[in-house]
Amino acid sequence: MGTIHLFRKPQRSFFGKLLREFRLVAADRRSWKILLFGVINLICTGFLLMWCSSTNSIALTAYTYLTIFDLFSLMTCLISYWVTLRKPSPVYSFGFERLEVLAVFASTVLAQLGALFILKESAERFLEQPEIHTGRLLVGTFVALCFNLFTMLSIRNKPFAYVSEAASTSWLQEHVADLSRSLCGIIPGLSSIFLPRMNPFVLIDLAGAFALCITYMLIEINNYFAVDTASAIAIALMTFGTMYPMSVYSGKVLLQTTPPHVIGQLDKLIREVSTLDGVLEVRNEHFWTLGFGSLAGSVHVRIRRDANEQMVLAHVTNRLYTLVSTLTVQIFKDDWIRPALLSGPVAANVLNFSDHHVIPMPLLKGTDDLNPVTSTPAKPSSPPPEFSFNTPGKNVNPVILLNTQTRPYGFGLNHGHTPYSSMLNQGLGVPGIGATQGLRTGFTNIPSRYGTNNRIGQPRP
């Protein structure tokens, strides 16, 4: 029978756990500003959706989706604060840094799905273009632009700031960079403003507002309603082109890949580690991106028998810690030994050692012989670690197998196979190599019976 718990602790539901973590984040003063912007975002998004319905403008709807993306970015910022408050647990030993990577990936993918929805609706509108009312179009444009810029420039969103710098440039950034170089060639004083890489979120907000302003002007002047659909397609393409590089970068981080720009540096560090005093080999190295700007890795280092494990571990960690923040180093000594000979009494039914194969098995070392820091056998008589993990039969005593195979009669040979040690000690029948030139093997060096056969009692002719 199991243990009876009189006062069992009630299990929290998913929403209960979520509410508890939200209270943990809300207790931090740094999150109050984010929560305030989140409330304002919900209010602005509600008004913009009503104005989209009244104006019947799909271009304004596409621009409103950028405001919804700002709400996702604020949620990502809250998750980033929550990650800094939580410590690694036994279940999540590397911490919760990958959660903010997942939040960035989900936000960018949802923005791209919204852009695809706008493209689908725009394709339907090309067949039957409805009438656009410009009453709230310009007002909604400036409200969305001001709020988007104010949110992006006021809130320090570390995950999106890192991704926007680390990811490849979008086609919109490349075209704007070309225009900026041409403009700075005419007016050199603008180089400090336009030549640096522009924020992709600010750039798409400005470009979308510019497209809506052109839409408003053309509809007011010529009642050209098709320009609203064209502007919606342009905003959707700019949104997709801006979010795609970020989703690719965050997806690669989730797949635990190694960043291309650090592969050369890691190779250089591995070569430096392999030249350290006492290090014989560095193998099974694996490095991956744990979070934004943090690498994790594991490496196996084989050292000499007389090398100091703690010194080698300190030097290896010191070399790799410049790039790899979370590092696991497994050190084992180059300790190949000969198995011990059979010891103890032999059973009475064993006729002769030479008619049997003796397979000595190494004994399992106790836990007291292990180094608690590196999990490396401390004594030089221990087997190599790669042959010590989950090896069956380590606690089995030496096994003696009876050799019952016989050879045909009439050739003057023994009935049993010639022992491996006897063959080597006899020089494999090569003239000039006597019995004194035996080789060391992992089997017993029993004196050979060349020319005798005790089993049938007949001398060799």
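Here the Cβ of each residue, glycine as well, is placed from N, Cα and C on the backbone.
Here Swiss-Prot flags 1-33 (among others) as topological domain 'Cytoplasmic', drawing on sequence analysis.
Annotated transmembrane segment per Swiss-Prot: 34-54 (among others), in sequence order, evidence recorded as sequence analysis. Among residues of the same chain six or more beyond the transmembrane segment (34-54), those with a C-beta under 8 A of the stretch's C-beta atoms are 26, 60-61, 64, 67-68, 70-71, 74-75, 77-78, 81, 133, 135-137, 139-140, 143-144, 147, 151, 154-155.
Among the features that Swiss-Prot reports, topological domain 'Extracellular' is placed at 55-64 (among others), with the record citing sequence analysis. Note: the topological domain 'Extracellular' (55-64) comprises 8 helix, 0 strand, 2 coil (DSSP; helix = H, G, I, strand = E, B).
Here Swiss-Prot flags 65-85 (among others) as transmembrane segment, drawing on sequence analysis. For the transmembrane segment (65-85), same-chain residues at least 6 beyond its ends with a Cβ under 8 Å from one of its own Cβ atoms are 21, 24-25, 28, 30-31, 34-35, 37-38, 41-42, 44-45, 48, 95-97, 99-100, 103-104, 106-107, 110-111, 114-115, 118, 144, 147-148, 151-152, 155-160, 204-205, 208, 239.
Taken from Swiss-Prot, the feature topological domain 'Cytoplasmic' applies to 86-98 (among others). Remark: secondary structure over the topological domain 'Cytoplasmic' (86-98) totals 2 helix, 0 strand, 11 coil, with classes taken from DSSP.
Residues annotated as transmembrane segment in Swiss-Prot: 99-119 (among others).
According to DSSP, the topological domain 'Extracellular' (120-134) comprises 8 helix, 0 strand, 7 coil. Sequence annotations record features per position, and here Swiss-Prot assigns topological domain 'Extracellular' to 120-134 (among others).
As annotated by Swiss-Prot, transmembrane segment applies to 135-155 (among others), with the evidence given as sequence analysis. Among residues of the same chain six or more beyond the transmembrane segment (135-155), those with a C-beta under 8 A of the stretch's C-beta atoms are 33-34, 37, 40-41, 44, 47-48, 51-52, 54-55, 57, 60, 63-64, 66-67, 70, 73-74, 77, 199, 201-202, 205-206, 208-209, 212-213, 215-216, 219.
Feature annotation from Swiss-Prot assigns topological domain 'Cytoplasmic' to 156-200 (among others). In terms of DSSP secondary structure, the topological domain 'Cytoplasmic' (156-200) contains 33 helix, 0 strand, 12 coil.
As annotated by Swiss-Prot, transmembrane segment applies to 201-221 (among others).
Look at Swiss-Prot and you will find 224-244 (among others) tagged as transmembrane segment, backed by sequence analysis.
Taken from Swiss-Prot, the feature topological domain 'Cytoplasmic' covers 245-461 (among others), and the record attributes it to sequence analysis.
Among the features that Swiss-Prot reports, region 'Disordered' is placed at 371-392.
Long-range Cβ contacts of the topological domain 'Cytoplasmic' (86-98) within its own chain (Cβ-Cβ under 8 Å, at least 6 residues beyond either end) map to 253-254, 290-292, 294, 296, 326.
As a whole-number mean, the pLDDT of the topological domain 'Extracellular' (55-64) in this prediction is 92. Outside the topological domain 'Extracellular' (55-64), and at least 6 residues removed from its termini, the chain residues within Cβ reach (under 8 Å) are 45, 48-49, 115, 118, 121-122, 125, 130-137, 140-141, 144, 208-209, 211-212, 215, 228-229, 231-232, 235-236, 239.
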